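As given in TrEMBL:
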DOMAIN    5-73  domain 'MIP18 family-like'
BINDING   102, 103, 104, 105, 106, 107, 108, 109  ATP binding site
Ligand SMILES: Nc1ncnc2c1ncn2[C@@H]1O[C@H](COP(=O)(O)OP(=O)(O)OP(=O)(O)O)[C@@H](O)[C@H]1O
């Protein structure tokens with residue numbers, strides 16, 4: 001029996017994680033492997049519950065198990081544990097991910113909310129900080145604009161909860177409709193408080209919706225916590241790309257890795273005719289240079305309607321093309337986080 005298990009492990013060590021380009025055994029991803037009455041039982045511990053290539057891994061593990069002499073069947077199951085960054089961002093928070101844009105109105109907040117909801121739907125523990133202090137819209141998009149953030153026994157801000165996402169927005173702290181004119185040091189301390197004086201609890205991903213552009217908030221954030229990386233949201237037309245380039249440059253100067261680019265309002269499919277229109281020049285975001293494309297999200301009426309109704313499109317209209325593209329983009333992002341994190345780990349991890 002021991003021999004068969006050894007043979008199974010040897011077979012599994014030939015299976016590479018398609019994104020990490022290393023084998024599952026040396027990555028410490030095989031949580032369990034055994035052979036019982038000719039059936040291999042393998043449990044793979046993924047690096048994120050939002051793994052974009054789970055289907056392929058399942059296929060490859062099954063195929064490898066079936067090469068072991070005497071194995072006639074294979075049962076492959078999955079668990080997931082997000083590996084923390086080399087220097088975790090905050091106690092209990094494994095990754096802080098920034099969502100930025102060069103221009104306003106490109107759909108950055110909509111994308112941030114839907115990414116957060118998508119990762120939560122896949123089983124990750126997700127927080128969302130609305131750092132768009134000049135135009136906070138996250139609370140509205142989550143249907144919680146009337147809710148107020150309260151303090152816990154330790155006098156820490158208690159994040160609100162909606163659609164499986166823990167969140168804090170300036171909109172839940174200040175009286176409705178009142179503009180905030182915070183600048184410089186005050187803004188810096190507000191951002192610090194949102195991050196450090198909030199009881200976020202255990203999170204796999206804390207997504208931060210930045211204000212558009214390249215200002216004080218972005219700088220404060222990168223100075224306050226260790227950030228795993230940033231996502232740039234842009235629309236495809238040149239005028240948006242010019243500003244997106246500035247955002248990329250700002251992250252580069254702050255040594256924040258750009259994990260990828262999401263092209264929003266990429267195209268429009270007329271609901272009555274099914275004809276696709278490339279309103280702003282689909283694929284234009286590739287001009288941004290050598291950045292991983294994480295997804296192209298179509299312009300869709302339901303995305304706007306769902307945001308205004310307070311339920312993210314990925315939950316309200318899960319089968320719509322925009323929702324499917326957003327789910328895919330979230331998984332691609334989680335994949336990039338794993339790639340970044342694992343790239344810094346030693347060659348050999350736990351051997352089962
Ligand atoms: N793919 C989409 N299809 C349809 N409507 C969209 C899409 N993405 C965003 N919108 C809508 O466009 C408007 C602007 O989006 P959003 O507020 O997310 O942009 P933003 O980039 O965060 O803006 P700002 O940072 O300037 O506040 C919203 O009404 C939103 O519902």
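Cβ atoms here come from the backbone N, Cα and C positions, even for glycine.
Ligand 1 lies within reach of 105 from the binding-site residues 102, 103, 105, judged by a C-beta closer than 6 angstroms to any of its atoms. Residues within less than 8 Å, Cβ to Cβ, of residue 106 (ATP binding site) and separated from it by at least 6 positions along the same chain comprise 212, 233, 234, 235, 240, 264, 265. Within 10 Å of the C-beta of residue 109 (ATP binding site) we count 28 further C-beta atoms, all protein chains included. Cβ atoms within 8 Å of the centroid of the Cβ atoms of 102, 103, 104, 105, 106, 107, 108, 109 (the ATP site) belong to the same-chain residues 101, 212, 233, 234, 235, 240, 264, site residues excluded.
Taking Cβ-Cβ distances under 8 Å and a sequence separation of 6 or more, the neighbours of residue 105 (ATP binding site) in its chain are 212. In the three-state DSSP scheme, residue 108 (ATP binding site) falls into the helix class. Residues in the domain 'MIP18 family-like' (5-73) partition by DSSP class (helix H, G, I; strand E, B; coil) as 20 helix, 18 strand, 31 coil.
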